[in-house]
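If you look up Swiss-Prot, you'll see ASP69 marked as active site. Residues or ranges marked as active site, proton acceptor by Swiss-Prot on the basis of sequence analysis: GLU134. Annotation source Swiss-Prot lists Zn(2+) 1 binding site at HIS67, ASP100, GLU163, citing sequence analysis. Residues or ranges marked as Zn(2+) 2 binding site in Swiss-Prot (evidence: sequence analysis): ASP100, GLU135, HIS349.
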Amino acid sequence: MREKVVSLAQDLIHRSSISPNDEGCQKIIAERLEKLGFQIEWMPFNDTLNLWAKHGTSEPVIAFAGHTDVVPTGDENQWSSPPFSAEIIDGMLYGRGAADMKGSLAAMIVAAEEYVKANPNHKGIIALLITSDEEAAAKDGTIRVVETLMTRDEKITYCMVGEPSSAKNLGDVVKNGRRGSITGNLYIQGIQGHVAYPHLAENPIHKAALFLQELTTYQWDKGNEFFPPTSLQIANIHAGTGSNNVIPAELYIQFNLRYCTEVTDEIIKQKVAEMLEKHNLKYRIEWNLSGNPFLTKPGKLLDSITSAIEETIGITPKAETGGGTSDGRFIALMGAEVVEFGPLNSTIHKVNECVSVEDLGKCGEIYHKMLVNLLDS
């Protein structure tokens with residue numbers, strides 16, 4: 001299986017699919033799946049290409065989810081080999097997307113192919129949900145496919161997202177949930193004036209100082225058995241004209257919260273508004289909700305992937321919910337059990353992104369055993 005996975009991964013890496021461009025990756029995948037009898041449905045939205053492929057006719061529906069888009073390469077001169085050459089050096093496959101996530105995407109596809117070849121009349125439905133809009137806006141990708149499926153009353157029972165979840169060794173971590181993410185873009189109004197005549201102006205930075213202290217020290221919650229406490233970080237602050245003798249007219253503050261299931265986005269919005277009113281600030285705020293938290297509690301999917309990892313590499317993975325958001329947050333809206341598993345994440349988005357070819361082969365075996373555990377038991 002390793003050779004098949006690595007070969008497909010190289011084919012995908014060769015295509016410079018900077019988000020939201022697909023550059024023919026999904027066509028390669030669709031042609032392979034179609035030969036095995038998968039039903040292929042294209043779901044393009046604006047400049048994003050999405051693929052929904054399925055094999056079988058009855059529940060449960062087991063979906064593999066992934067993305068063909070990648071982040072920009074950065075300075076290509078810093079790479080040991082060209083970022084889209086997909087070279088193998090000392091057992092490592094190098095290239096943009098090798099770990100995030102064309103390698104695991106290839107492993108999921110080969111696993112599905114091998115299972116269908118051996119079990120053409122399998123029970124359940126094996127599906128693949130693939131998008132080219134995960135690394136950037138994530139507005140026309142998985143969420144649009146999910147919305148389409150929901151309007152048709154189609155179900156996903158279990159979903160494996162192939163994000164690179166492993167930390168130090170393949171299989172040491174699986175993600176069974178993610179925190180929510182919400183960003184506030186806050187504009188605090190003042191009155192511009194000369195710094196020598198502060199009584200004729202109103203400095204929004206000074207006015208906001210106590211509010212910022214409260215915002216950054218407030219304890220939102222203590223977390224729970226599945227999630228760490230909610231975290232707030234200020235990402236950007238800007239005010240002033242660049243001159244040292246002008247009191248600014250406005251202060252811009254951008255902050256982000258990664259929040260657990262102990263709070264909601266509405267609770268966060270309400271509390272921030274209370275703080276702003278408490279400090280008598282003139283303001284306007286724009287909120288951007290990237291996704292609510294989701295959690296897959298111990299059950300059939302988590303048991304199946306845990307068992308598959310134990311059988312293949314002999315370790316028991318730890319289920320965690322840390323890290324950034326993923327498209328799993330959209331699929332969870334369908335009521336599906338969602339788990340993320342993939343190769344090591346230590347080089348993702350970096351120069352010289354790479355993945356072990358041995359690990360890619362193991363990923364394919366693990367995904368295949370997961371299918372066996374879910375459909376043959």
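Yeah, the Cβs are placed from backbone N, Cα and C, and that goes for glycine too.
Keep in mind the model is a prediction, meaning the values are calculated, not measured.
Sequence features, as recorded in Swiss-Prot, placed on the structure.
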residue : record                       : CB count, 10 Å
HIS67   : Zn(2+) 1 binding site        : 31
ASP69   : active site                  : 25
ASP100  : Zn(2+) 1 binding site        : 26
GLU134  : active site, proton acceptor : 27
GLU135  : Zn(2+) 2 binding site        : 22
GLU163  : Zn(2+) 1 binding site        : 26
HIS349  : Zn(2+) 2 binding site        : 15
When distances run from the Cα of the residue listed as 'active site' to each of the recorded positions ASP100, GLU134, GLU163, HIS349, the nearest one: GLU134
Cα distance (Å, whole number) from GLU163 (Zn(2+) 1 binding site) to GLU134 (active site, proton acceptor): 11
Zn(2+) 1 site shell beyond HIS67, ASP100, GLU163, criterion: Cβ within 8 Å of Cβ centroid: GLY66, MET101, SER104, LEU105, GLU134, GLU135, VAL161, GLY162, PRO164, SER326, GLY342, ILE348
